[in-house]
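If you look up TrEMBL, you'll see ARG23, GLU80, LYS120, LYS454 marked as (6S)-5-formyl-5,6,7,8-tetrahydrofolate binding site. TrEMBL lists ASN226, THR245, ILE247, THR250 with the feature K(+) binding site. Marked as GTP binding site by TrEMBL: 226-231, 245-251, 270-273. Per TrEMBL, the feature Mg(2+) binding site maps to SER230, THR251. The domain 'TrmE-type G' annotation in TrEMBL covers 216-377.
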Amino acid sequence: MNTTDTIVAQATPPGRGGVGILRVSGPKAAQVAEVVLGKLPKPRYADYLPFRDVDNRVLDQGIAIYFPGPNSFTGEDVLELQGHGGPVILDLLLKRILTLPGVRIANPGEFSERAFLNDKLDLAQAEAIADLIDASSEQAARSAMNSLQGAFSTQVHQMVEALTHLRIYVEAAIDFPDEEIDFLSDGKIEANLDNVIAKLDRVRSQARQGSLLREGMKVVIAGRPNAGKSSLLNALAGRDAAIVTDIAGTTRDVLREHIHIDGMPLHIIDTAGLREASDEVERIGIERAWQEIEQADRVLFMVDSTTTDAVEPVEIWPEFMARLPESLPITVVRNKTDMTNEETSITEVRGYSLIRLSAHSGEGIDLLRDHLKETMGFNSNTEGGFLARRRHLQALNTAAEHLQQGHEQLVVARSGELLAEELRLAQQTLSEITGEFTSDDLLGRIFSSFCIGK
């Protein structure tokens with residue numbers, strides 16, 4: 001990519017609309033203004049002017065705003081032309097601008113990429129622009145705006161700064177052993193390292209919630225045949241998404257529904273009833289069910305309450321529980337309370353949430369919705385929340401591993417050199433989040449997922 005070119009793109013969605021915007025950024029933005037508008041508008045003032053073609057005929061009339069760099073979104077000279085939103089008019093205006101030498105169509109995300117390269121945004125903030133556009137709920141939009149305003153980046157920078165101070169002290173002690181600084185026995189070093197680890201744990205927890213808010217929590221409904229899994233899917237979706245019959249094994253494949261609970265995104269997945277199946281099609285469906293379970297953020301373990309009084313998951317189905325990933329969150333759902341006269345409720349049983357409900361009548365469904373919102377962190381303080389991507393989570397987890405290894409080198413192995421190396425790796429990994437240490441290939445993948453005019 002040539003960052004010295006002047007780029008242009010439509011910043012509004014394609015199609016007809018009341019207003020259509022073309023955005024120009026680069027060293028020839030002022031020349032574009034002179035040619036198309038007949039003059040250079042006063043910086044940061046809205047001018048109502050005619051937009052002219054190559055023969056000086058008026059194509060349209062609209063608002064022109066000129067932002068000279070570095071005080072612009074991209075840090076370069078920027079021109080915005082706001083005309084009528086007809087596709088023909090915008091296309092003619094775009095073609096006129098492209099007749100100027102050194103002006104080309106922008107690549108996807110190139111405006112945001114230039115803002116990043118010119119230090120107007122860090123990488124996490126640039127990604128937040130795309131997340132704000134793609135937000136599917138108010139909560140996601142507010143969290144994306146928090147990220148864009150630096151809520152996430154600030155916390156990352158604080159940890160990087162703390163690691164910088166730790167590295168300075170440790171590496172100075174290694175380089176100047178004659179100073180007789182026994183930093184391995186210095187309680188201050190361990191205390192400071194513990195503080196960074198604790199801070200990182202808090203940020204990881206927030207990032208986990210932010211990732212779920214951005215991508216939606218994957219909730220898999222699993223259990224034996226005829227436990228009411230498809231009825232629960234229909235109740236949560238508010239429509240007949242799945243076929244429901246009294247015949248065991250009706251659901252033979254994976255059914256997916258994307259829903260919102262008060263604005264919170266959820267991917268609800270109904271699976272085939274788990275049992276030993278002789279039918280080849282049903283057996284394939286059960287294999288797919290286990291694949292979905294292993295990738296879930298939470299499993300709703302459906303239990304037919306007419307068949308057992310047990311409430312502990314291991315007691316209900318020990319083989320099922322033994323096969324689950326150890327860290328996978330489970331909610332036990334005792335269904336068909338309309339047939340057992342149990343009261344709808346939510347309780348805790350040996351560390352598991354237990355919900356009694358009737359998917360058929362709908363009683364207790366609101367309890368389940370509230371429970372799912374709570375597990376996603378819906379009631380957390382939206383003012384401080386932020387969105388996070390999978391790459392952010394991976395970087396935070398990797399940094400945490402390096403810090404734990406560094407703590408072990410300090411306390412157990414008492415190796416200053418290895419401690420310093422783990423601190424360096426943790427710092428570098430955290431800096432990848434904001435783009436201070438990021439490969440060009442990764443930058444290309446990130447910005448190519450943006451809109452053309454962003």
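Residue 1 is the first one shown; counting continues down the chain.
Just so you know, glycine gets a Cβ as well, placed from its N, Cα and C.
Any TrEMBL annotation is an automated prediction that lacks curation.
It should be emphasised that the depicted structure is a prediction, and the values quoted were computed from it without experimental measurement.
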Using DSSP and collapsing to three states, where does ARG23 ((6S)-5-formyl-5,6,7,8-tetrahydrofolate binding site) fall: helix, strand or coil?
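The three-state answer is strand.
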Run through ARG23, GLU80, LYS120 for me and report the binding-site residues whose CA is within 10 Å of the CA of ASN226 (K(+) binding site), in sequence order.
none
Check the binding-site residues ASN226, SER230 for other C-beta atoms within 10 angstroms of each C-beta and report the one with the most.
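Checking each of ASN226, SER230, the winner is SER230.
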To the nearest whole angstrom, state the Cα distance for the pair LYS120 ((6S)-5-formyl-5,6,7,8-tetrahydrofolate binding site) and ALA272 (GTP binding site).
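With distance taken Cα to Cα, ALA272 (GTP binding site) is 50 Å from LYS120 ((6S)-5-formyl-5,6,7,8-tetrahydrofolate binding site).
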Pick the one among the binding-site residues ARG23, LYS120 whose Cβ has the fewest other Cβ atoms within 10 Å in this structure.
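Selected from the binding-site residues ARG23, LYS120 on minimum Cβ neighbours within 10 Å: LYS120.
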Using the alpha carbons only, what distance in Å do you get between GLU80 ((6S)-5-formyl-5,6,7,8-tetrahydrofolate binding site) and ALA272 (GTP binding site) once rounded?
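Distance (Cα to Cα, whole Å): 54 Å.
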Expressed to the nearest Å, what is the distance separating SER230 (Mg(2+) binding site) and ALA272 (GTP binding site) at their Cα atoms?
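With the alpha carbons as reference points, the distance is 9 Å.
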Pop the mean pLDDT for the domain 'TrmE-type G' (216-377) in here, whole number is fine.
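For the domain 'TrmE-type G' (216-377), the model's average pLDDT rounds to 85.
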Please report the Cα separation of LYS229 (GTP binding site) and ARG23 ((6S)-5-formyl-5,6,7,8-tetrahydrofolate binding site) in Å, rounded to an integer.
50
